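What TrEMBL lists as phosphate binding site is R96, R140, L141, G142, T143. Per TrEMBL, substrate binding site is recorded for Q219, R221. Taken from TrEMBL, the feature disulfide bond covers C91-C98. Taken from TrEMBL, the feature domain 'Nucleoside phosphorylase' covers 56-306.
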Amino acid sequence: MAPILLNCMGNEHNEYIKQQVQVKNPYLGTMEEDILYHFSLSTRTHNLPEMFGDIKFVCVGGSANRMKAFAQFIHHELKLPGNPEEIKDICDGTDRYCMYKVGPVLSISHGMGVPSISIMLHELIKLLHHAQCRDVILFRLGTSGGVGLAPGTVVITEKAVDYSFRPQFEQVVLGKVITRSTELDKGVSSELLQCSTELENLPTVIGNTLCTHDFYEGQGRLDGALCSFSHEEKLEYLRKAFEAGVRNIEMESTVFAAMCRVCGVKAAVVCVALLNRFDGDQITSSHDVLVEYQQRPQILVSHFIKKRLGILA
Ligand SMILES: O=P(O)(O)O[C@H]1O[C@H](CO)[C@@H](O)[C@H]1O
Ligand SMILES: O=c1cc[nH]c(=O)[nH]1
C-alpha cells in the first residue's frame, strides 16, 4: 500500500506544482526582496498574494489606453460592483506599463516590440509566482497586419514564427544564442475558435503569426524611411509567409509564447488584422473603424473568460 500512496501523493504534488506559475531561476528563492522595478511593486512593500492571489486571466496588449479600456469593458461584462470609470492603475508609480485588476482579470500594457514585452513578462511571471497564483491563462490582445485576410479578421495564433517561419524564439544570453519553442496552448486556441462561432460579426481564423523586430523594413513595408527591396520582392516574401501558414504579422508573439511555455503558463495570442498586406502598407481605415477592430479580440477573450467563469451557459 505504502508505495502506491506515495506515488499517488507524488502525482498530486506534481499536478499542484504544474498549475503554479514557475520561475526558472535558482537565485530568486535566495533573495530577501524582489523589486519589480518597472511595475513599481516589491515583495517587501506589497503583499502580492493578497493583492493578486485570485488572478486567473491576464490580458496584455501594446497600448496603455487600450488596456485601460479593456479593464473597463471586462468590469462591465463581469457585472462587478463599483464604477469602472474609477478603476486605478496599480503601476501609477511608473509610466512604463499600466496595470488594472478587475476581479480575477489583470489587464496590462506592454509597449511595442520584443524587448518591451519581455521586460514586462519577466516581472509579470515573477509577480504571479510570488502571489502564488494557480491555473492562470495569459492572452495577448493585439493588432496586426493580415496576410491574405480581410481587414477586421481576428487571428488566433497557432504557432508564433520568426522571420524564417520557424516556431522558435532566439534570445542572446551571455553572448550565446538560446533557442526556445514558441508553441502555444492548443486547447485554449480551439476553445477561443469555438467562442468566435458563438459571436456575431467576429470573423476569426486560426493561423501562424509572424513576429518581427520592426514595423517597416522588418515587415516588408515599402513606406518606411528606409527601403532596400522592390514591390515584387515584398510580395514574394508575403507569398512565402502565406504558404508557411502565416496569416498575420505583429511584433511580440514569439517571446510571449516562449516565456509563457517555459514557465508553465497557458497562453494564447489573439490579434485583429488592420489591413491586408497584399493590398498595401499604410493603415487607411478611419479612427472609428480601427477602434471597432481593436475591440474584437477583447470581445472574443471576454466571451472565453465569461464561459470559463460560468457566467455564460
Ligand atoms: O496592437 P499591439 O498590441 O500594440 O501590437 C502591434 O502593434 C504595434 C505596431 O503598431 C506592434 O507592437 C504590434 O505587435
Ligand atoms: O501591419 C501591422 C499592423 C499592426 N501591427 C503590426 O505589427 N503590423
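Cβ coordinates come from backbone N, Cα and C, glycine included.
Just so you know, TrEMBL annotations never went through curation; they're auto-generated.
This view paints the features noted in TrEMBL onto the structure.
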residue : record                 : DSSP (3 states)
C91     : disulfide bond         : coil
R96     : phosphate binding site : coil
R140    : phosphate binding site : strand
Q219    : substrate binding site : helix
Under 8 Å by Cβ from R96 (phosphate binding site), same chain, sequence gap 6 or more: H38, F39, G111
Between T143 (phosphate binding site) and C98 (disulfide bond), the C-alpha gap once rounded to whole angstrom: 18
In sequence order, those binding-site residues of R96, R140, T143 whose CB lies under 6 Å from ligand 1: T143
Which same-chain residues, if any, lie at least 6 apart from L141 (phosphate binding site) yet have Cβ under 8 Å of it: C59, V60, G61, R66, F70, V270, C271, P297, Q298, V301
C91 (disulfide bond): tally of other CB atoms within 10 A of its CB: 21
Whole-number Å value for how far C91 (disulfide bond) lies from Q219 (substrate binding site) (Cα to Cα): 32
Max pairwise CA distance, angstrom, over record-listed phosphate binders R96, R140, L141, G142, T143: 20
R221 (substrate binding site): tally of other CB atoms within 10 A of its CB: 19
Entries of C91, R96, R140, L141, G142 (recorded positions) sitting next to ligand 2, with Cβ under 6 Å as the cut-off: none
